[in-house]
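Working notes for the structure below.
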Amino acid sequence: MNVKTVLVLLGLALATIFALVCVLLTRGRAPSTCQHLPVEQEDTEDGQSLVFADLTPEEMAQVVRYLQGNLGVQLVDASRAKPSDNCIASVDLQVPAKAEVLRFLDGGGARPAREALAVLYFGNQPDPNVTEYVVGPLPTPAYHRDVTVQKYGGKVPYHRRPVTGKEYMDINTLIRRELKKAPQFLTTCCESDGTDLAILTTAPRGFKSGDRTTWFVLFHNVAGTGYYLSPVGLEVLVEHRDLHASRWQLRKVFYNGRYFASTEDLEQEFLAHTLEVVRLKKPQVDAVLGSMRPRYPPDSLGPLQFEPQGPRYSVRGNRVTYQGWSITFGMNPNSGPRLFDIRYRGERIVYELSLQEALALYGSNCPGGMSTRYLDGSFGIGRFAYELVRGVDCPYTATYVDRHYLAESDTPKTNQNSLCIFEHDSALPLRRHFSDSQSFYYGGLRKNRLVIRTISTLVNYDYIWDFMFHGSGAMEVRVHATGYISTSFLHGQGTNYGNRVGPHTLGTMHFHHMHYKVDLDVDGQLNFLETQDMEYEIIKDPWSTQNTIERPYLRRKRLEREDEAAFPLNAPLPRYLSFASPNPNKWGHPRSYRIQIISFAGKHLPINSSMERSVSWGRYQLAVTQRKEEEPTSTSIYNQNDPWTPTVAFADFINNETITNEDLVAWISVGFLHVPHAEDVPNTVAVGNSVGFFLRPYNYFNEDPSVDSPGSVYFSSEQDTRACGANPLACLPSAAACAPHLPPFHFGGFLNVSLAPPFGGV
């Protein structure tokens with residue numbers, strides 16, 4: 001064998017060895033794909049949750065077609081309807097009466113008729129008004145009935161209707177037309193001709209019932225950034241009550257602390273050199289306050305949550321099950337997320353848990369800021385819950401669900417992936433103990449929980465709505481606030497109303513208050529309310545009687561009437577407050593669920609305020625009332641534009657009726673005061689801006705139900721902790737040695753967003 005042949009063979013051998021090494025190394029670096037195990041179905045329900053299901057796009061379209069053909073009046077598509085037209089404003093599910101639902105769910109009764117609630121604006125008739133119809137049965141409507149008087153005790157006046165996107169567009173046209181009358185002023189103050197300024201609405205709209213006069217605030221607008229941080233100091237008051245936009249008028253102009261009758265007057269004062277003008281440079285993209293563009297390239301990848309054996313929850317239609325929990329979920333286009341028929345281990349704990357309203361009330365020395373009291377339900381908390389960004393808004397591997405709505409259009413729209421569901425490891429023990437006395441052992445359980453989340457963008461603010469379900473049988477409700485602060489132009493004594501956060505920007509103080517309805521059915525519909533708190537009693541020590549002891553004791557009280565159970569905002573609550581059943585647990589105590597509120601709300605409006613009754617739910621951090629079908633919600637979308645004669649006044653729900661062994665509802669307010677500061681630029685962070693409440697079992701069980709969790713860990717000093725049989729954590733390296741399947745990133749959340757937002761727009 002010659003040298004050449006040897007060299008060739010040696011080369012082939014080396015190549016073979018190199019290939020084998022590469023294969024081995026590749027195998028070591030590329031774990032197998034995670035294999036999902038089937039989720040155990042904990043119960044069967046034969047589609048019963050569909051009784052609460054949001055309307056499908058097909059059902060919405062059927063309702064629209066029915067109304068167009070059966071009302072005997074011309075209906076204009078709301079997206080282009082003038083105030084003098086008739087139009088369909090919205091279509092949503094008409095939730096059946098509770099008694100009907102329970103007969104169906106629990107008593108084997110007939111399935112309630114599936115119906116829709118349609119809101120119509122009738123502007124083209126002698127007595128313009130808002131009318132609500134129940135339409136059914138779905139999917140093929142055959143009847144409609146007017147329920148307006150039944151619900152509200154009379155007709156809904158037309159001026160109470162929410163402002164539509166078309167109305168805002170017409171207002172914007174008016175404002176831009178008026179701005180053209182002050183060209184030299186705008187060039188000097190703002191380097192603008194007025195067409196590139198953003199216009200933001202305020203609310204409510206006036207000072208008395210019937211008013212429809214709104215302050216609009218103007219901002220520099222830089223594409224791709226939050227214009228809310230760049231006010232130019234100019235605000236205008238528009239009267240837009242008339243049914244014909246041609247008759248609307250600009251009533252007042254505000255600039256830098258002064259008021260003017262018109263933009264012409266403003267221009268004349270400028271030309272006469274009697275106006276103090278603050279010359280603002282048009283913001284540049286790379287220097288504007290509100291930019292969220294990354295300043296540095298991406299860093300190393302952070303921690304990623306994944307499920308090596310697949311999700312431990314199951315989503316079927318509008319129902320999710322998870323380790324003993326069963327929850328039916330949905331979305332009201334106005335008031336936002338709503339849950340029904342919440343059960344744990346097969347027992348219903350909550351019939352309804354729903355957001356009712358979100359109030360933001362501002363202070364400022366500018367007219368727009370000082371008069372703003374946003375009731376976000378009238379704008380659409382559910383409607384503006386857009387697509388969630390996978391990996392930021394929710395875990396990348398969460399389950400994402402589409403939501404559908406019909407509002408201000410005859411065509412249903414879809415906010416895809418706008419609700420997410422996931423199991424969350426909080427990196428904290430739910431319970432644990434390390435024993436170093438008598439015997440040595442460790443016992444613990446990870447604190448995992450199921451999360452149902454949606455996020456609403458209400459112009460500048462983003463509200464993260466969380467509903468969480470723990471292995472201990474507890475429920476947790478949280479709202480986190482982020483997004484942009486709303487600002488005013490800094491002038492005069494502006495810092496009496498907030499902090500300076502930019503060259504000419506005042507971050508205006510405000511508070512956020514949210515209201516929830518919690519229809520608890522604890523071991524049945526009939527419950528009573530019990531409070532427990534501590535007191536001290538001074539006694540002689542019984543073994544010598546020579547000394548005294550301050551002994552704490554438990555003070556129990558049953559609340560008998562609604563007035564007793566209406567707890568004022570910011571007043572001390574009893575530390576333990578429970579919905580209790582007449583039935584005892586094994587130890588003789590009433591089976592109960594405790595309400596625990598986490599809130600640091602601002603001060604409620606003074607009771608003598610002319611608009612206080614429209615938000616009178618805010619008087620109370622907690623109020624417990626008898627449940628009534630005629631009191632389904634604590635507020636109304638019509639309260640925003642007529643808070644002086646509210647369509648629904650929550651204070652009227654509290655009339656000292658008995659709350660002993662009745663079907664009861666807890667109405668819960670949470671909130672926080674926000675004084676904006678430098679760190680709110682460019683965005684308010686969610687850290688520390690989170691409030692909510694817990695519903696916790698209190699003697700409902702005979703022991704902590706999480707003891708039955710298969711995820712519990714226990715080992716003693718006598719066991720080999722490295723053995724899988726003794727310690728499930730020892731199995732983790734092999735069980736989790738797989739690569740999660742990550743779907744490709746996709747985002748289509750801009751599909752239902754127009755360049756003319758429905759709140760004033762640009």
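Here, residue 1 is simply the first one shown, and the rest follow in order.
Placement of Cβ uses the backbone N, Cα and C atoms for every residue, glycine included.
Keep in mind it's a predicted model, so treat the numbers as computed, not measured.
Per TrEMBL, the features are:
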type: ACT_SITE; residues: ASP376; note: active site, proton acceptor
type: ACT_SITE; residues: TYR461; note: active site, schiff-base intermediate with substrate
type: DOMAIN; residues: 72-143; note: domain 'Copper amine oxidase N2-terminal'
type: DOMAIN; residues: 161-258; note: domain 'Copper amine oxidase N3-terminal'
type: DOMAIN; residues: 305-706; note: domain 'Copper amine oxidase catalytic'
type: MOD_RES; residues: TYR461; note: 2',4',5'-topaquinone
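Shown are the active-site residues ASP376, TYR461; of these, the residue with the fewest other Cβ atoms within 10 Å is TYR461. Counting residues per DSSP class in helix, strand and coil order gives 29 helix, 30 strand, 39 coil for the domain 'Copper amine oxidase N3-terminal' (161-258).
For the domain 'Copper amine oxidase N2-terminal' (72-143), the DSSP counts in helix, strand and coil order read 10 helix, 26 strand, 36 coil.
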